[in-house]
């Protein structure tokens, strides 16, 4: 989706400076300085509201190199300097997506390197090939899963980030999900009738490292403007495998509804928060994968990453055996 940046030449910020951004919900205009300060304070307010951070936390930042993760590093980097009692690490996952001219993720890795160096945050790059024996492109060609490439990629990405967090001793993982992302996911889960996902059951096992989302209450448009005003470079080109038909439709519906109902995105997030507050969920007992020992669903003995990896290895071995005949 294209993000349109607006400059209001005839509007002024409350401080008297010329405005560069108009908040469509509140009608408030912001100059550059006030807008950047507003977004930072909004993120800090979100962190406090959800009790995301405690003194002594070691937080791994998941940095893809897109606008959301670049802004995440900027805000968390500032906060860490102010608090001086939390430790930040960063990881970028190289899926190994082949495009004309090389690797799709190379550009993003460089942008991630620049922003993490700015805040002196240790930055690690890890590939699917290192962890799972093959690149995403190789997995796609081997056709080892049902559904879209995003399915296997999401499974591997979550596992990869969790493994690096364990390796670095991080007790929390921060992602750059914004308000639009969250609202879309909530509505998708409502349409599927998936109550567990709506209630964010990501802490059902002590072996899962908790995720935090400091940008959860900041819109995609606000994040795009923040990155633009700060002069940050970030990866714009979408992943060649990126296509989620359901999410695309939900995104379109929300965009249409938001033109008629003010605050619809916040309403969905508030709906989820109220469910979490009012509904008590019993602890879910998970199995442990018989291969890696990581948590898997109650009905499965093998976790998804190991399932994909085993099938991939089986197909690669079959291809090699035929080539030798």
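Here the Cβ of each residue, glycine as well, is placed from N, Cα and C on the backbone.
Just so you know, TrEMBL annotations never went through curation; they're auto-generated.
Since this is a predicted model, take the numbers as computed values, not measurements.
Under the heading ATP binding site, TrEMBL lists 62, 63, 64, 68, 93, 176, 181. Taking a C-beta cut-off of under 8 Å and a sequence gap of six or more, residue 62 (ATP binding site) has these contacts in its own chain: 69, 90, 91, 93, 161, 173, 174, 175, 176. Secondary structure from DSSP puts residue 62 (ATP binding site) in a beta strand.
The domain 'tRNA(Ile)-lysidine/2-thiocytidine synthase N-terminal' annotation in TrEMBL covers 58-251. On the 0 to 100 pLDDT scale, the domain 'tRNA(Ile)-lysidine/2-thiocytidine synthase N-terminal' (58-251) averages 91 in the predicted structure.
Under DSSP, residue 93 (ATP binding site) is assigned to a strand (E or B) in the three-state scheme.
Over all protein chains present, the Cβ of residue 176 (ATP binding site) has 25 other Cβ atoms lying within 10 Å. Within 10 Å of the C-beta of residue 63 (ATP binding site) we count 29 further C-beta atoms, all protein chains included.
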